[in-house]
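Visitor: Below, the features straight out of Swiss-Prot:
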type	residues	note
TOPO_DOM	1-47	topological domain 'Cytoplasmic'
TRANSMEM	48-68	transmembrane segment
TOPO_DOM	69-315	topological domain 'Extracellular'
DISULFID	C145-C157	disulfide bond
DISULFID	C168-C182	disulfide bond
CARBOHYD	N198	N-linked glycosylation site
CARBOHYD	N222	N-linked glycosylation site
DISULFID	C233-C290	disulfide bond
CARBOHYD	N296	N-linked glycosylation site
Amino acid sequence: MADKKPDEQFVGSGPKETKWQSFKGFVWNSETSQFMGRTAGSWAKITIFYVIFYTLLAGFFAGMLMIFYQTLDFKIPKWQNKDSLIGANPGLGFRPMPPEAQVDSTLIQFKHGIKGDWQYWVHSLTEFLEPYETLTSSGQEFTNCDFDKPPQEGKACNFNVELLGDHCTKENNFGYELGKPCVLIKLTDFGWRPEVYNSSAEVPEDMPADLKSYIKDIETGNKTHMNMVWLSCEGETANDKEKIGTITYTPFRGFPAYYYPYLNVPGYLTPVVALQFGSLQNGQAVNVECKAWANNISRDRQRRLGSVHFEIRMD
């Protein structure tokens with residue numbers, strides 16, 4: 001076999017670059033004056049491009065956001081009544097609510113007596129009613145209303161917390177210490193106007209008999225008090241009806257219609273009805289269902305329309 005030529009023995013035998021040398025060459029190439037693969041002019045062009053691009057993008061976003069905010073009214077909801085998520089029915093709610101850690105619960109459970117654990121519920125109700133106690137009726141937006149004295153336009157009716165009586169007060173621990181707990185029911189929906197029953201003949205067949213009788217007495221005694229969204233609360237099942245005992249409603253057996261509609265008048269506070277359970281049995285949980293009654297309120301237990309549910313247990 002012929003010997004290789006002397007020059008061929010040294011082809012490709014030069015020293016190889018190390019990884020560090022290769023990296024340094026990428027960062028700065030002195031032969032081409034490139035920094036990380038680009039010349040100074042190339043870096044200037046791409047920097048100017050992205051500055052202009054992101055400036056235009058931010059300006060477009062700001063412009064769209066400004067146009068969007070022009071469509072909003074921070075005092076009036078865009079979707080109301082039947083167009084809203086909750087529909088045309090007003091919402092019923094109750095207080096006190098269970099702790100935030102039990103967000104899915106509707107159970108009010110406590111041990112009454114001096115050594116009881118009722119303090120949380122009393123504190124919760126005290127906090128809820130604090131705005132009612134601190135707000136006076138001397139403001140320009142407020143007026144004292146009555147069944148024959150509706151509010152003036154642009155003003156809200158003042159709800160006097162003293163109407164809740166002597167039993168459902170923080171001084172009396174809202175009845176929890178004595179085993180006669182109070183629960184507050186509220187009814188509200190923006191822009192909703194109640195269509196009340198003008199006579200006892202208009203009430204539905206499924207209205208509880210005791211409320212029907214009460215409305216008849218009101219109609220006979222003082223018909224102006226018919227201007228009311230009525231409220232009924234009772235045990236949800238036959239067994240609950242037996243265990244629930246007596247319920248006292250204050251200040252009314254419902255919500256005076258002159259408090260509605262709610263139109264976001266500054267300082268408006270929704271009216272409440274205080275329920276006092278006077279004869280609960282120890283260790284017995286009771287399912288309570290409250291319903292609101294008016295011509296334009298639909299009631300459906302499955303969808304919780306026109307009603308609110310909670311449980312109460314005293315130990």
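Every residue, even glycine, has its Cβ placed from backbone N, Cα and C.
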Visitor: Which of the recorded positions C145, C157, N198, C233, N296 has its Cα nearest to the Cα of C168 (disulfide bond)?
Guide: C233
Visitor: Counting only other Cβ atoms and using a 10 Å cut-off, which of the glycosylation sites N222, N296 scores lowest?
Guide: N222
Visitor: Where among the disulfide-bonded residues C145, C233 do you find the Cβ with the fewest other Cβ atoms within 10 Å?
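Guide: Among the disulfide-bonded residues C145, C233, the sparsest Cβ neighbourhood within 10 Å belongs to C145.
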Visitor: Taking just the CA atoms, what is the gap between C157 (disulfide bond) and N198 (N-linked glycosylation site) in Å?
Guide: 22
Visitor: Using Cα coordinates, what distance in whole Å links N296 (N-linked glycosylation site) and N198 (N-linked glycosylation site)?
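Guide: Their Cα atoms are separated by 13 Å.
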Visitor: Tell me, which disulfide-bonded residues from C145, C182, C233, C290 are within 10 Å of N222 (N-linked glycosylation site) if we use the C-alpha atoms?
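Guide: Passing the 10 Å Cα cut: none.
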Visitor: Can you give me the same-chain residues 6 or more apart in sequence from C290 (disulfide bond) with a CB-CB distance under 8 Å?
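Guide: Result: L92, F94, I185, L231, S232, C233, L275, S307, V308, H309.
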Visitor: Fill in the CA-CA distance, C145 (disulfide bond) to N198 (N-linked glycosylation site), as an integer in Å.
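Guide: Between the alpha carbons of C145 (disulfide bond) and N198 (N-linked glycosylation site) there are 20 Å.
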Visitor: How long is the line from the C-alpha of N198 (N-linked glycosylation site) to the C-alpha of C182 (disulfide bond), rounded to the nearest angstrom?
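Guide: It is 30 Å, counting Cα to Cα.
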Visitor: Using DSSP, would you call N198 (N-linked glycosylation site) helix, strand or coil?
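Guide: In the DSSP reduction, N198 (N-linked glycosylation site) maps to coil.
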Visitor: Here are some disulfide-bonded residues: C157, C168. Which one has the most Cβ atoms within 10 Å of its Cβ?
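Guide: Of the disulfide-bonded residues C157, C168, the highest Cβ count within 10 Å belongs to C168.
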Visitor: If you count other CB atoms within 10 A of each CB, which of C182, N198 wins among these recorded positions?
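Guide: Selected residue: C182.
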Visitor: Kindly state the mean pLDDT of the topological domain 'Cytoplasmic' (1-47) in the predicted structure.
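Guide: Average per-residue pLDDT within the topological domain 'Cytoplasmic' (1-47): 70.
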Visitor: Does DSSP put C145 (disulfide bond) in a helix, in a strand, or in coil?
Guide: coil
